[in-house]
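As recorded in TrEMBL:
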- G68, R73, D90, V91, T92, L118, Q119, Q134: S-adenosyl-L-methionine binding site (BINDING)
Amino acid sequence: MDDIAKNETSFYSNAEGYWKDVPPTVDGMLGGYGSISSIDINGSKAFLQKYLGEGEGKTSAGCALDCGAGIGRITKRVLLPLFKTVDLVDVTQEFLDKAKTYLGEDCKRVGNYFCCGLQDFVPESGRYDVIWIQWVIGHLTDNHLVEFLQRCKKALRPNGLIVIKDNVSYEGVVPDEVDSSVCRDLDIVRSLVRRAGLQIIHEEQQMNLPKEIYQVHTLALR
């Protein structure tokens, strides 16, 4: 990560350049693994539904934020079915433009489309019940990830939840020069979460994914 921190500008600009060339489709969002979308979606919905509801300690289903939203794959199939309102943030304007048609009638329940990199994005204080961060933390440096999580914590409503879902490496930090990202091991992710002043309240592995991709883990944070 030291090399990336030194070349931070190119780390971010190369990633923006990569995504500008990706087609605005589900297959594009998943790097050619569009076939895993339903497995991923079903796992995410089951994970979230453990926390949503009325009563002590439960998370309300008012407003969610989809981080690195792309064309709105998760917004459409996980968040809009569960929440009254969803905001999307992504670094690629073309994806957000596509989301407006991809989401269909339900786009009426989208509050905001923010075009911004997460390293610069400041979510509104106290707005969100759930902040969903999937397959995007590898596009942030360690320091920017910690700072972003700290901003997310301030953006939560009472009993709100931050969810990270991402690939984890077997050991250390593995750079991907194709899309200008990194894959961190689970211990590193946990340590960055702690640095941000958050606690992991639940953690599980997404099962039934192809063996050739890194394991995917989901972490619920408060």
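Positions of Cβ are set from backbone N, Cα and C atoms, glycine also.
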Candidate with sparsest Cβ neighbourhood (10 Å radius) among G68, R73, V91, L118, Q134, the listed binding-site residues
Q134
So for D90 (S-adenosyl-L-methionine binding site), how many other CB atoms are inside 10 Å of its CB?
25
Given the binding-site residues T92, Q119, which one is most crowded in terms of C-beta atoms within 10 angstroms?
T92
Span of the S-adenosyl-L-methionine site, taken as the largest CA to CA distance across G68, R73, D90, V91, T92, L118, Q119, Q134 (Å, rounded to a whole number):
22
